[in-house]
Structures are given as C-alpha cells and as structure tokens.
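Written out below as structure tokens is the structure these notes cover.
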Amino acid sequence: MGEDVRRIASQSRPRPSTWAVSRPRPASWRNSRGARPESWRVSRQSFREWIEHWEFEHENRDQILELGHELEHVPDLTVDVTPPATSDGPADSIEKSKEDGDADDKRQSASDSTVKGKAKAVDIGKQQTRDAPYSVHSVGRRRLIVLAASLAGFFSPLSASIYYPALPVIAHNFHVSNSQINLTVTTYLIIQGIAPMITAGFSDTAGRRPAYAICFIVYLAANLGLALQNDYAALMVLRCLQSAGSSGAIALANGVVSDIVTPQERGSFIAFASLGSILGPTLSPVIGGLITQYLDWHWIFWFLLIFTGTFCVPFFLFFPETCRKVVGDGSIVPPPINRSLTDYLRKRKRVKSGTEANQPATKRQKMVIPNPLSTLQVFAVKQTAMILIPSGIAFGTFYAVLTGASNTFKVIYGFNQLKVSLMYIPLGVGGIASALSTGKLVDRNFRRHAEKLGITVTRNKRQDLSDFPLERARLEVGLPLFYLGTACLVIYGWILEKQYSVWGPIILMLVMSWTLAAFFQVMNVLLVDTYPGRGATVTAAVNLVRCELGAAAAAVISPMTDGVGEGWAYTIVAMIGFATTPLLLFTAVNGIRWRREAAEKEKIKKAGREAKIEAEKRAREEIETKKEAKQKAEEDVEIGDLEKQDRKDSQRPTSSKAT
C-alpha cells in the first residue's frame, strides 16, 4: 500500500500558495523523531483528518480520501506521514507557509504517505475498492432495509387502484359522469409519473430519510382530506396531492438498494424492492372491492390513513439513512435530520464507552432545491433510453390486462363486482413468485459469466466491472421471460375471444404476472447498474415512462377490444412489445463500449468542474489579497495622520511657553 500511496503522491501537482486546513493539528499526532521529525506516527482517524483537510491538488485526491475512510475500519493500524521538509508539524507548516511566502516552499509537492500495520496491504484503485466492504450492514439487516423500502413503495400503486370498484358509487354520489370520475384516475397516473422526478434528485443529495418524511407527510394529509370531503373538485385536487406524496417513495426503494448492495447480489434485492410496486395494482382492487361491498366508500381512505400511520411509526423509528453521500458505507453518523433512533442509541453508546463517535461525512451535503431536469437527463443517454422504451411498453402491456380484466370478466363470464375483484388474486400470486425467483436467476447468471471470465465474485465488496458484460448477463434472463409473457398475452386474448373456460385466463394471468413482473425487475437491475449511486434518479425516469405508457394502455384497451375484439386487441399489444426487443439485443452487444464512453465523458466533465472550482478559488484569493492590501494601505494612511496629529499636539505647549 505504501508504494501505491507514494505513487499517487508523486503524480500530484505543485502545492498551492497556501495549504488550507480547517482545524489545528490534532492532539493524536505524536512526534516520534525528535524536534525536527521526518514523520509523525498517527492514528487512523488523524490520518483521515490530515488527508481530508489538506487540499491536495492532484487527480487522485479522491482515492486518497477514500483510503482514509477505509483505514478507519482496519484494526491495529498506524500510519507514518512524511511532512514537508521545512515543517514542524502539519498545522505549523501551514502557518509557516502563509507567513514566509517562500516560492519554493509553495511549489513543494504533496507529502508521501506510507502505511504499515497488521492489516493486509491493499492497492489503491481497483484493489482497494475490491477489498473494501461496500456496506457495514449485515445481510439480514440489508434485507430488512430493502423490505421496508419496498413496503414504503407499496402505497402508491395501492392508492391508484384501490378505489376502482368504488368509481360508479362515487360518480353517483357526486352527480358526475363516468368520464369525469375517470379523470381522477388519469390525473393520478400523470402525477405518479412526475412526482418521483422531484423526490429522487433530492434524496440522492440530502438523504433518503428526509425524502421519505416529506412524502409520507403529504400522503397522510391527503388521505385525511379525502376521507372527510364530499365534493368533486376537492376529490380531484386531493387525489393529485395523494399521488404526489405516495409516488415519491417508489423511486427511493431502488435508490436504497443501490446504496447498500453491490451488482454481484443486486438481483435478489431489487426483486424484493420491486415487490411493493407489483403487488399494489394486483391486490388493491380486491381490498377496494371488499370495502365498497360492506362499508361506505369513504372508508377506503380511512383504511389508507390508518394503514399508513401504522407503518410510519416503526419505519421512521428504525429505518437507517443509507444515502452514500451522507453516510458512506453506513459507518458514518448522519446529520441530526437524517438520524433514526438506532443512530442516536449507537452514538450514545459510543460516547459512554469512551469511543469517539464516527466522523461526519467527508463533505456535509447541502439541502438543494429538487431539480426534475436531472431525471430528464437520463433519457439523453442512449443505452438508458434503449432500456426504458421496452420496459415501459411491457408495463403498458401489464396495465392493459389489469384494466381490461374488470369489464371483460363482467361481460363475458357474468361476474359481479366481488368476483371480478377476486380475479386479481392470480396477478398478485404471480408477482410474489417473481420476487422469490427472479433475483436468484439474475445473480446465478451473473456468477456464471464471472466464472467464464475468471472473476471471483465476493459479496458486499466493490469490484471493477468496467469490462464485465452486465447487459448480456441481465438480458439473458429478462428477454426469455418477456417473450414468454407476450406469447401468453396472445393466447389470453383469444381464449377470451372464444369464451373458453375461465380457468384458462386465470392460469394465463398468473403466468403473465410472473413473467412480466420478472422482466420489470431485471430491467430495474440493469438500469441501476448503468447509473451507480443514482438509483433513485434512474428509477424516477423508469417510473415516468411506465406511468405514462400505462395510462395510455389503460385508456386505449377498452376501445380496442370493442373495435376488434379481445383476440386481436391483445395480439396487437403483444406485437408492439415484441417489436421493441431489438433495442435490448443492440444494448447487449454494445453495452460495454457505451459504458466506457460514458465513463470517459464523465471524467472529462469532472476535470472541467475541478478546473472551474480551482479558478473560482484563485479568483477569491486574489480578491482577498487585494482587499487586504487596500485595508493595509488605509491603515498606513490612518497611522500617518495620527502621527502628524501627535506631533502637532506635542508642539503646542512649547509655543505657549515661548509666548
């Protein structure tokens, strides 16, 4: 490791005119070489403070910062830090550089660092990232975190479909047409696609917990208003507010997965993260039908209010902050606004035991105004767009079946509203089956490709996957499932057309739910792989495409079945989905090259941002220098005036005596 650190230091550019540090020399620095030491023996935490607050100017500064973070988790480790030759200590050398202004000293390169100890040496870069734990949470704890995030995303699709059975009753109570009451469904889906664009970018910078808090506060308030209102205009406005609050949590589930799970095991976790959004549309009509059958339709929203409140209490007490920009791998104590009860207990326990609490994040994140344009930028990336289009079409296919089932089973098989609601159970069973099976298939295929390439897959460790065929590994699982789902859709349509036994559609609905839901999950895994660290943002883009295409499919399926019949209507929908699959094949072939090109572009952008920051810093330093020079000149003038006045005052008594 020492050789790698020295190599990085040797690549550094000249030291700036002043070394910036935000605190004096830590007390844990110990002089081990006499009055003029060549190095100091420091603790792990002091080493991190040193590399964090001395502003190294070289391209590998982020790697050194990351090294300091990882050293905190290596036991029995000490660090020898070699300071500048003229230094009496880190803080002393800083002050000396400011006072002397020695040109040679200002150009001196950043100090070398060597690391020694009982810990196994690792390389900076690929080796270092491979050996570093990706998350401090155990496997069981990570599963609970993802399950909680999935349940939080369950409320949006639940609220979208739960009052479908009550639409005729609500229209009769408000004395409006069916078209007007259906407008509340359309507006809900539109807001459901837009709201995550705002919350996703906010959560990627400020943290997941503040974003969840805002979403659920809005959602609870909207449910309370909907349970109490009896006006069509209020229903329309509050449904939009309900959609904005609940749908914001959809994108956060995959963001949580990207925070704590590596690509090697991401398939299983994202399958569970998608479970809530899959079960919502399938189970909610059953719940809504039962409530409408035996209670007043207002109780739909009372049920949502009580259910959500019961969920939120343990969720906000124990759900930890996972955003890597705030807590890193989970070992850093987050700011107060991001802390759960367990964070407070952990910090209190560490203080009582005499252990210093974990350091705050390397750079405390500022609360930023949510920018929906950051989500729209996802569509500008070609590989992402080629994945989003087939994924959205597949979701539209699923919604076409979901929406058309209500009227189809009522007209063809003569079912009442309660029986129609029970027909959605096979869709829910298929969704559960996909969550239990898809992740294992995805992870197994990942390991198969890794074995072919001679790569050892390690759990909860970062690995360099720049040359790994991620697209091929994911799509080899997803595409066959999608083909099977579209084939079942064609058969489903013609069975309804010929009015065969109801058991045929029931079985096909279960298979379609399993295959299409599994395809959604595979696409989610691939998209999160494409945008590491921005899982919430890319999921918001996915949600936008799916909701809008789902709304379109829900709107056109009824006219299509009335015009050409169920057989040709669902055949056309299946053919549209099948026609988009060449985009995925093209992505599988060119995915590695596209990721490399994207990484190079990001590197250039990062260099440009750093150059801009450096230019702004130098400009501020010049302004401060001019300001200090001007202030000094004014002080000199003022001192000169005072000296003249003193001389005049001293001459006045002499003149009086002479007189």
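Glycine residues also receive a Cβ, built from the backbone N, Cα and C atoms like all the rest.
Keep in mind it's a predicted model, so treat the numbers as computed, not measured.
According to Swiss-Prot, the protein has these features:
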type     : residues : note
COMPBIAS : 93-109   : compositional bias 'Basic and acidic residues'
COMPBIAS : 605-634  : compositional bias 'Basic and acidic residues'
COMPBIAS : 641-651  : compositional bias 'Basic and acidic residues'
CARBOHYD : Asn182   : N-linked glycosylation site
CARBOHYD : Asn338   : N-linked glycosylation site
REGION   : 1-42     : region 'Disordered'
REGION   : 76-127   : region 'Disordered'
REGION   : 605-659  : region 'Disordered'
TRANSMEM : 144-164  : transmembrane segment
TRANSMEM : 183-203  : transmembrane segment
TRANSMEM : 210-230  : transmembrane segment
TRANSMEM : 235-257  : transmembrane segment
TRANSMEM : 269-289  : transmembrane segment
TRANSMEM : 299-319  : transmembrane segment
TRANSMEM : 385-405  : transmembrane segment
TRANSMEM : 422-442  : transmembrane segment
TRANSMEM : 475-495  : transmembrane segment
TRANSMEM : 502-522  : transmembrane segment
TRANSMEM : 549-569  : transmembrane segment
TRANSMEM : 572-592  : transmembrane segment
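At the 8 Å Cβ cutoff, the transmembrane segment (235-257) and the transmembrane segment (144-164) share at least 3 close pairs (sequence separation 6 or more) and count as touching. On the backbone, the CA of Asn338 (N-linked glycosylation site) and the CA of Asn182 (N-linked glycosylation site) stand 39 Å apart.
Summary for the glycosylation sites Asn182, Asn338: the Cβ-based neighbour count within 10 Å is maximal at Asn338. Note: the compositional bias 'Basic and acidic residues' (605-634) comprises 30 helix, 0 strand, 0 coil (DSSP; helix = H, G, I, strand = E, B). With pairs at least 6 apart in sequence, the transmembrane segment (475-495) and the transmembrane segment (385-405) have 3 or more Cβ pairs within the 8 Å limit; the two touch. Sorting the compositional bias 'Basic and acidic residues' (641-651) by DSSP state (H, G, I as helix; E, B as strand; all else coil) yields 11 helix, 0 strand, 0 coil. Below 8 A, the CB atoms of the transmembrane segment (144-164) and the transmembrane segment (299-319) form 3+ pairs separated by six or more positions in the chain. It is 422-442 that, among the stretches 210-230, 299-319, 422-442, 549-569, forms the most Cβ pairs under 8 Å with the transmembrane segment (502-522). Across 210-230, 299-319, 422-442, the stretch most heavily in contact with the transmembrane segment (269-289), judged by Cβ pairs under 8 Å, is 422-442.
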